[in-house]
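Report on one structure; see the data block that follows.
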Amino acid sequence: MAHSMSRPVAATAAALLALALPQALAQANTSYVDYNIEANPDLYPLCIETIPLSFPDCQNGPLRSHLICDETATPYDRAASLISLFTLDELIANTGNTGLGVSRLGLPAYQVWSEALHGLDRANFSDSGAYNWATSFPQPILTTAALNRTLIHQIASIISTQGRAFNNAGRYGLDVYAPNINTFRHPVWGRGQETPGEDVSLAAVYAYEYITGIQGPDPESNLKLAATAKHYAGYDIENWHNHSRLGNDMNITQQDLSEYYTPQFHVAARDAKVQSVMCAYNAVNGVPACADSYFLQTLLRDTFGFVDHGYVSSDCDAAYNIYNPHGYASSQAAAAAEAILAGTDIDCGTTYQWHLNESIAAGDLSRDDIEQGVIRLYTTLVQAGYFDSNTTKANNPYRDLSWSDVLETDAWNISYQAATQGIVLLKNSNNVLPLTEKAYPPSNTTVALIGPWANATTQLLGNYYGNAPYMISPRAAFEEAGYKVNFAEGTGISSTSTSGFAAALSAAQSADVIIYAGGIDNTLEAEALDRESIAWPGNQLDLIQKLASAAGKKPLIVLQMGGGQVDSSSLKNNTNVSALLWGGYPGQSGGFALRDIITGKKNPAGRLVTTQYPASYAEEFPATDMNLRPEGDNPGQTYKWYTGEAVYEFGHGLFYTTFAESSSNTTTKEVKLNIQDILSQTHEDLASITQLPVLNFTANIRNTGKLESDYTAMVFANTSDAGPAPYPKKWLVGWDRLGEVKVGETRELRVPVEVGSFARVNEDGDWVVFPGTFELALNLERKVRVKVVLEGEEEVVLKWPGKE
């Protein structure tokens, strides 16, 4: 998604018209910024403007007698009838994300570009009172660490409820540019915070739960909001070493494309029925993603089963980037034609609106080519009830949502729950945590809160945030609970100045407990900004080491914040650092969540969804190397292929209590299955044979400790003989969260394992089930294991269409 430069003020449709075509020649980019280096597109006001929105009047307006207002007709027929009324100029004026509408038809201007990554953004928030804020949830990477798919769905559902309430007040669109389901392949990536982490199966489940939560249970008849799966595909670098995302050409094998970079989009299209997909800035194997019919037609529509009339939007200015910097087209008009013909329906930008007339004049496009995309967009709007005249809940359950629904859903406190469930306990020496109120009564306890995150407010939200109702810093949270707080920033995120060290050490000296809150934030990891290093930045480690030396017997707890990981090996190995937690970007209630985890009002059960690599990893090979498998200087990427030793592994996470994990009565320690017998089973109710359940991995989980706690599980598979080498170290095949396991209680964990979990991807991109021996193991400790022997002949279970 493109950087919006600054938050724009609302404009009327007339003002938008003034921003449009007359300025095209004056504003046309003739400076030719080197977008091979510059990662922020120079977006024009017409693109980035937020506008007041209104519904077409199908009762009394000019369209009332047209098919578009006939609620008994199909959404596609209604949309096609509307677009047929447009003149060519009117058609072109509605090909951008900011559609100008058609005033003579009573069709209002419409803004496609709304954001909903972890709450409403690019909404027309009021200055005060109603519609002044919306719930700001934790960033997806922290939410995913909770391993709670119900939570993901619930968050998305709340976002869409609040979005529809804002929409009914003319303050938000019916389409959202979310979720970001790219995988967090390399730790330097600045936008990893927006993603579900480095594992593609996690990303696929996140995509399904988020999209179905946003779109509602019946998207074909009553679409709640249209989700957009982004960024398709192979997008996970911003500006590493001046390699701009706008001009990157990512070389990706068919094997890695099929196995890692696209399965989450396959699930989004086939299973979640996502209504929109965003093509990415980058090129893949020489072709810009928004000009690649292989991605947009062969894969997305023909193979992945994208909904018939779903639309593809470019990332913002990506259509222009086909010309500059990719040089794939000789002019902006040619770039517009390439994108349209490849399958990019809507241009988030102005290239279509300013240059499609030239494309037609050159004979590169016809009106029909352009119409197709606009019809697809308006089909989605019809499904969302944009043209419905009857606003009763019986016919459209979303048109009556209002500010009271925003208040109600925020009061559920799900943002807080998501943060407490996602926070990961990395280290807890001698079980120093939790710092219970019994041992540390707030009225008699002084807490030193030190570090650049100790008084964080806006930092808690990460990026793509709107107006939150409140932002609770760690400092405010501890003060609210009655603790005496000695606050000292000590140092900044990237500071090398030691001028604040003395105050920090003084604050620690007179405290009973020392908490250092630091790490990274959006000054180092953001859109258009990758990290150069994955070490702790600035002199934060120096300050922590001084605090550790001065702590004596006092607990020293370090909060490692931010979306990406930093190398905390020195803290892991320092016996004076009592505990270490990863808190991500925990949202509006982040301070409360961190405090309550530390004090034991909530117990941690999150697990890392990224690998914490040693700092040297970022220097071993180029971040633009997209090959997952180890080769040359590349030691392998993600936990699946990494051949080195992680500081903290993917899936690491500690509890305050102890659990005994054992085979359940239904567990068979060795299973022999015939491939042909499995694949011959009927599966008409499944979209793919890969979804067919093969077995249930079961285990007994007994809480043997002293505290009630949730339990989180990851089930991994590995093999050393099924299919050709090289073999991955392991891969995730399932996961779950058991809530509130009481002391002494035993619960059964049951994780279904599907055919696709036993498939490996060959060099052509085909998913193949090979005969051989697999091992399934529970979590990193591997205390419960099942041996699975597959016999018979290898079979392709998913055929990958190669690019000719």
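Heads up, the Cβ atoms here are built off N, Cα and C, so glycines get one too.
Over in Swiss-Prot, the protein carries these features:
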- Asp315: active site (ACT_SITE)
- Asn29: N-linked glycosylation site (CARBOHYD)
- Asn124: N-linked glycosylation site (CARBOHYD)
- Asn148: N-linked glycosylation site (CARBOHYD)
- Asn242: N-linked glycosylation site (CARBOHYD)
- Asn251: N-linked glycosylation site (CARBOHYD)
- Asn357: N-linked glycosylation site (CARBOHYD)
- Asn390: N-linked glycosylation site (CARBOHYD)
- Asn444: N-linked glycosylation site (CARBOHYD)
- Asn576: N-linked glycosylation site (CARBOHYD)
- Asn665: N-linked glycosylation site (CARBOHYD)
- Asn696: N-linked glycosylation site (CARBOHYD)
- Asn718: N-linked glycosylation site (CARBOHYD)
- 1-26: signal peptide (SIGNAL)
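The glycosylation sites shown are Asn251, Asn357, Asn576, Asn665, Asn718; of these, the one with its CA atom nearest the CA of Asn696 (N-linked glycosylation site) is Asn665. The recorded positions recorded for this entry are Asn124, Asn148, Asn242, Asn251, Asp315, and the Cα of Asn148 lies nearest to that of Asn444 (N-linked glycosylation site). Same-chain residues at least 6 positions away in sequence with a Cβ under 8 Å from that of Asn357 (N-linked glycosylation site) are, in sequence order, Leu88, Asp89, Ile92.
DSSP gives Asn242 (N-linked glycosylation site) a helix state. Candidate glycosylation sites: Asn124, Asn576, Asn665, Asn696, Asn718. Fewest other C-beta atoms within 10 angstroms, Asn665. Among the recorded positions listed (Asn124, Asn242, Asp315, Asn576, Asn718), Asn718 has its Cα nearest to the Cα of Asn148 (N-linked glycosylation site). Of the listed glycosylation sites, namely Asn242, Asn251, the sparsest CB environment within 10 A is found at Asn242. Summarising the environment of Asn148 (N-linked glycosylation site), the number of other Cβ atoms within 10 Å of its Cβ, over all protein chains shown, is 25. DSSP gives Asn357 (N-linked glycosylation site) a helix state. Comparing Cα positions, Asn251 (N-linked glycosylation site) lies closest to Asn242 out of the recorded positions Asn242, Asp315, Asn576, Asn665, Asn718. When the Cα atoms are compared, Asn665 (N-linked glycosylation site) and the residue listed as 'active site' turn out to be 52 Å apart.
Comparing Cα positions, Asn576 (N-linked glycosylation site) lies closest to Asn718 out of the recorded positions Asn124, Asp315, Asn718. Closest to Asn242 (N-linked glycosylation site) by Cα-Cα distance, out of the recorded positions Asn124, Asp315, Asn718, is Asp315.
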